[in-house]
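Q: The following feature annotations were taken from TrEMBL:
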BINDING   Leu12, Ala13, Gly14, Lys25, Asn53, Asp71, Asp101  GTP binding site
BINDING   Asp101  Mg(2+) binding site
DOMAIN    399-540  domain 'MoaB/Mog'
Amino acid sequence: MKKNSMISALILAGGRGSRMGHVDKGLQPFRGTTMVQHVLERLAPQVGNVAINANQNLAAYAALKVPVWPDETTGFAGPLAGLEAGMRHCATPYMLSAPCDSPFLPGDLAARLFHALQSQGADVALAVTQEAGMRKQPHPVFCLVKTALLPVLSTYLAAGGRRVDGWYAELIVAEVLFDDSDAFRNINTLDELHSFDSARAPRRLQDVVSCLSDYDPDALPVRQAQQIIRDFVTPIRSVEKVALRSALDRVLAADIVSPISVPAHDNSAMDGYALRGADLRPDGPTTLTVIATVYAGRPSELVPAAGECVRIMTGGVMPAGCDSVIPQEFVANVGVGETDISIDAGTIRTGDNRRFAGEDLMAGSAALKKGKILRPADLGLLASLGIAEVPVQRRLRVAFFSTGDELRSIGETLDAGCVYDSNRYTLYGMLTRLGCDIVDMGIVKDDPQALEEALRNACENVDAIVTSGGVSVGAADYTREIMARLGDVTFWKIGMRPGRPLAFGQINSNGKSAYLFGLPGNPVAVMVSFYFFARAALLAMMGADAPLPLLRVKSAGAIRKKSGRTEYQRGILSVDADAAQQVAITGSQGSGILRSMSEANCMVVLHDEMGNVAAGDMVDVLMFEGLV
Ligand SMILES: Nc1nc2c(c(=O)[nH]1)N[C@H]1C(S)=C(S)[C@@H](COP(=O)(O)OP(=O)(O)OC[C@H]3O[C@@H](n4cnc5c(N)ncnc54)[C@H](O)[C@@H]3O)O[C@H]1N2
Ligand code: MOO
Ligand SMILES: [Mg+2]
């Protein structure tokens, strides 16, 4: 991100911190340093210089080696007094402000506000965010103002004005929509501070790994790699409300408690006659008089007396006193005008064909749990509760690219020795099906500068990055070197086939960070590593709870397998002559044979301890497709 030397930044740290128990917010410890230091580190690369507005503990702020300016209007007059102090000392034509309790602010805040201010001829540009289905949320203290407005601000303050939006009402304001509302989160209470600190604390991989007694990055068992990844990633915390249909395949962000009982009344499960079970004679036919008809949606006030019944349709509300329904095909209509019915002894028992109020969902009970991925049945269930909008996790943003000089995109000439890039298409498919917002960054050459640029660019814009290629030990594989330089990334050789090399960690650029999955280049290896490492991690980041069930199936033939490593063989599950399920592997299992994946409908998971498999042995299988 380029610095804009026409802008000075001012960190607003002048408040009383009353919601934090009157502590100085900016100086609160946060992730190894202080809140204000985080804000400073995010702003410094964007602007010419940074200063702080503070009214207490001035020496502690001055220790950050930036100028500290207290309010000139007395009595903790709020953020406008801070802006006034900042503008009075500001030597540049523009001043950017941000509060000291917003440690996640965007790396492009200055650039985007500046662009909007200039292009719209505005006095002030401020950040706004909008979550789907919600109203726009302005963030008035994340603003860029023209320093020349100082006299206007001083006049407003002198007249007793204190509200930031009140002052803006006198100005031309440009609003800039940022799509990451997480970035503007401010931390108001000590509780929030502590929960952020522990929940999103950037742990080092070293700390996670040190919990394992027998860690060997060059011979890491699959289960250990999965555990390290699971322990390292943390869920995103941004929630949005969406209309029910848009919630399909999204991750539910809060428990849903049933506001009503479904069904709301006892009702009939059959078209037939509602009756009192006590009227049924055990020793001979029962004759009952039909006194009315009840249709679904049209409850009746009638209360049948002994010896009476009511014709009822499926879903019709059970009349008071009735507890059983006889389907109409089991009765004989008798009597004059067929007003009576006759039921043979033993045809039904008391309570048959009656559906109870709340038997599907009881008012006040948990209908759906947070973390569930909403499938068609869940949409229906929510609809049955009359719920029109659902809180879901915001979509995870994932960038991906392929690395390698030998790669060509489809549409390009396939030069000698080159291959078409297929990994970007398998990754596109897998990420899309997982419900991620994807950014396809194309092919990146085996060139250190291009790789660094691509990784930094991705890091500043997404939650996670998936790359393919360059993670083994080849001479042109710069990927490892650059990844390691940009953050906390580890390189493993995992005890598995295919997919042995894997890079995993977190990289940083301009105050932003993103998780990184450096998958191996071989076309089958990239898919297998995605399914068995990246998938679970991305789901965990989405806050989703979606374990994969393994089926146990008979192997149709013998399979060669080395013990001491996990092998993921591509298989076809079918039924044999006795209608029993069996699985056969799909011919050549090389890591470059993508056909083996395409022909397969499942993966045979052969665990570490297993050796060769004989025909008829039971093996674990993971199906590629679900029902929908
Ligand atoms: N001396 C060693 N060599 C290799 C080892 C090893 O341990 N020691 N591991 C092998 C294994 S296992 C794998 S898997 C690969 C992984 O290699 P890289 O991640 O470095 O990937 P590349 O070298 O860039 O490419 C490998 C292979 O895959 C083709 N490829 C790459 N990207 C794509 C793409 N987007 N679309 C289609 N095909 C792609 C590439 O052309 C190479 O053929 O390393 C082994 N070597
Ligand atoms: O593990 Mo590599 O994936 O064999 O090609
Ligand atoms: Mg390589």
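Glycine residues also receive a Cβ, built from the backbone N, Cα and C atoms like all the rest.
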Q: Mind checking which of Asp71, Asp101 has the fewest other CB atoms within 10 A of its CB? They're the binding-site residues.
A: Asp71
Q: Starting from the Cβ of Leu12 (GTP binding site), draw a 10 Å sphere and report how many other Cβ atoms land inside it.
A: 28
Q: Using all protein chains in view, find how many other C-beta atoms are within 10 Å of the C-beta of Ala13 (GTP binding site).
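A: Within a 10 Å radius of the Cβ of Ala13 (GTP binding site) lie 26 other Cβ atoms.
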Q: How far apart, in angstrom, are the most distant Cα atoms among the GTP-binding residues Leu12, Ala13, Gly14, Lys25, Asn53, Asp71, Asp101?
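A: Across Leu12, Ala13, Gly14, Lys25, Asn53, Asp71, Asp101, the two farthest Cα atoms sit 18 Å apart.
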Q: Please list, for the domain 'MoaB/Mog' (399-540), how many residues fall into helix, strand and coil according to DSSP.
A: 51 helix, 49 strand, 42 coil
Q: For Asp71 (GTP binding site), name the DSSP secondary structure in the helix/strand/coil scheme.
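A: Its secondary structure by DSSP: coil.
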